[in-house]
Amino acid sequence: MLSKTIENALNNQIKIEAESSQIYLAMACWAEVKGLEGVANFMYAQSDEEREHMLKLVKFVNERGGHAKISELAAPNVTFKSFKEMFEKLYEHEVFVSESINELVHISLQEKDYATHNFLQWYVAEQIEEEAVARTILDKINMIGDDKGGLYLFDRDIENLTVTTAASNIPE
Ligand SMILES: [Fe+2]
Ligand SMILES: [Fe+2]
């Protein structure tokens, strides 16, 4: 059984994951209309992943005697100055999500809710990956700069991007 404090904190994370999905969906659309199909597909996939993160939380809250709250979401940014800016935003957002997960873990310990604490470890590992991927992309974009040819190649390669982190071997 979840305490009200934990239930509220998990519901807040449900909103954050749902907003992440919308943010990345908006990025996918922007990339698509700009003609970068690879980047668009990558962002569509990111958006789907965030929805899965949200659903995993929804089911956990409901299974543990709480009630997952599906709420109104903040409108995402729909245009960007450049791909560099877009990927900077992506990285910053993942760092924000990691901080939010860390805070949740902290609350679960304060509440002595070890089931929730255990459940959240998947998210801790996931955020290591998400930040690493976002940082790798940002590094590449910074290298490319304003070079159109570089962006063309990047668009072609982004879908096959793999980043191995220390957390990569943790099973889902
Ligand atoms: Fe997420
Ligand atoms: Fe994420």
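Backbone N, Cα and C define each Cβ position, glycine as well.
Of the residues Glu17, Glu159, TrEMBL puts just one in the Fe cation site with Glu50, His53, Glu94, Gln127: Glu17. Checking the binding-site residues His53, Glu94, Gln127 against ligand 1 with a 6 Å cutoff on the Cβ atom leaves His53, in sequence order. Selection of the binding-site residues Glu17, His53, Glu94, Gln127 by a Cβ distance under 6 Å from ligand 2 yields, in sequence order, Glu94.
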